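Going by Swiss-Prot, these are the annotated features:
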type: DOMAIN; residues: 1-142; note: domain 'Globin'
type: MOD_RES; residues: S1; note: N-acetylserine
type: BINDING; residues: H59; note: O2 binding site
type: BINDING; residues: H88; note: heme b binding site
Amino acid sequence: SLSDKDKAVVKALWAKIGSRADEIGAEALGRMLTVYPQTKTYFSHWSDLSPGSGPVKKHGKTIMGAVGDAVSKIDDLVGALSALSELHAFKLRIDPANFKILAHNVIVVIGMLFPGDFTPEVHMSVDKFFQNLALALSEKYR
């Protein structure tokens, strides 16, 4: 679980990187679709799945908007993400293993874009946050 220190670290990092959330989301989603091509099946209705395409940028922005919302509601991730969990479980039918794959890509991009801020301590707290976020998104699958 997230300690008070983890929560403070995540909030402090988000305060620094939040203004570039759209860029982080687009890059992370583009990477996921490239490195893990099996994830493309969920987006087959998009005309262009290549990194940097309009749909990838748009959904990357949507994803990071939800991440920002989760950061602001870090004390109740299950409650904060309940509607998204329901959407992904019952309507979109996304395999919850993909939440961890996307989270990994977001972490990679944060490390690339903010190497000075992404210390091992920050990495650990951010990783724990995304593990908890993925778990909260998986809540409706149980």
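Note: Cβ is positioned from N, Cα and C throughout, glycine not excepted.
Broken down by DSSP into helix, strand and coil, the domain 'Globin' (1-142) contains 113 helix, 0 strand, 29 coil. Long-range Cβ contacts of the residue listed as 'N-acetylserine' within its own chain (separation 6+, distance under 8 Å): N132. Annotation for the residue listed as 'heme b binding site': same-chain Cβ neighbours under 8 Å, separated by at least 6 residues, are I94, P96, F99, L137, K140. Sequence-distant neighbours of H59 (O2 binding site) (same chain, 6+ residues apart, CB-CB distance under 8 A): G25, L29, F43.
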